[in-house]
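Asker: One structure coming up, written as structure tokens, with questions to follow.
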Amino acid sequence: MMILKIGGSVITDKSAYRTARTYAIRSIVKVLSGIEDLVCVVHGGGSFGHIKAMEFGLPGPKNPRSSIGYSIVHRDMENLDLMVIDAMIEMGMRPISVPISALRYDGRFDYTPLIRYIDAGFVPVSYGDVYIKDEHSYGIYSGDDIMADMAELLKPDVAVFLTDVDGIYSKDPKRNPDAVLLRDIDTNITFDRVQNDVTGGIGKKFESMVKMKSSVKNGVYLINGNHPERIGDIGKESFIGTVIR
């Protein structure tokens, strides 16, 4: 069983509002369509989520301006999600959109609808999104957060994160030409020893992956989504990426 997250930096131009990389979406989905044990897909927002969230003060207190922003961010994320869903349907897959904003009940997320879709043979697709945190504030639940929840609920064999880098390095490869790609990381390592922030968020992602490992049987993988065919090399000597065991 595999769960997989497509990073927003892979399928959007993060510097240009609501600009999708449609070729990347199609190439990734083409690979995903051949994975029989893929049970859940999550994707980030990139320029469909972050830009307007920052502009309207999300996450943050509930007020007239942030409420408008809430609607805009959710609409934009739905539009990006529809592109992913359309590509999956075109490849013969059975996706079903399950927005995280609709799963919030009594201060927690209830994934019962998502699990039911998996049991029925569908591939649920969720994404980082806004949600009503309480009567006074709005929150944002990231794709990484959803992946952590899915790992705990489903106990998959493999969890995969597709990003715009080849993996986690020993040092920042942009500043250190001698940086080495860490192909296999023991969970006892600390990020202080992995002096890398090649995307501006690898540190946080690394921590999320380490926390997930206890719920994933055969490793949490970080793979360059611009080369989705590398998913097929998981477990092989030729694999390029990072696995946390």
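Using the three backbone atoms N, Cα and C, a Cβ is placed for every residue, glycine included.
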Asker: If Swiss-Prot gives Gly45, His50 as binding substrate, which of Gly143, Gly167, Gly203, Gly219 does it give for that site as well?
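Answerer: Site partner of Gly45, His50 for substrate, according to Swiss-Prot: Gly143.
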Asker: Let me know how many other Cβ atoms fall within 10 Å of the Cβ of Gly7 (ATP binding site).
Answerer: 26
Asker: Express in Å, rounded to the nearest integer, the largest CA to CA distance found among the substrate-binding residues Gly45, His50, Gly143 named in the record.
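Answerer: Between the outermost Cα atoms of Gly45, His50, Gly143, the distance is 12 Å.
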Asker: For Lys205 (ATP binding site), which of the three DSSP-derived states applies: helix, strand, or coil?
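Answerer: Looking at the DSSP assignment, Lys205 (ATP binding site) belongs to a helix.
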Asker: Tell me, if you would, which residue among Gly45, Gly143 (binding-site residues) has the fewest other CB atoms within 10 Å in the structure shown?
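Answerer: Looking at the binding-site residues Gly45, Gly143, the Cβ with the fewest others within 10 Å is that of Gly143.
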Asker: Checking the recorded positions Lys14, Gly45, His50, Gly143, which are within 10 Å of Lys5 (ATP binding site) at the Cα level?
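Answerer: Neighbours among recorded positions, in sequence order: Gly143.
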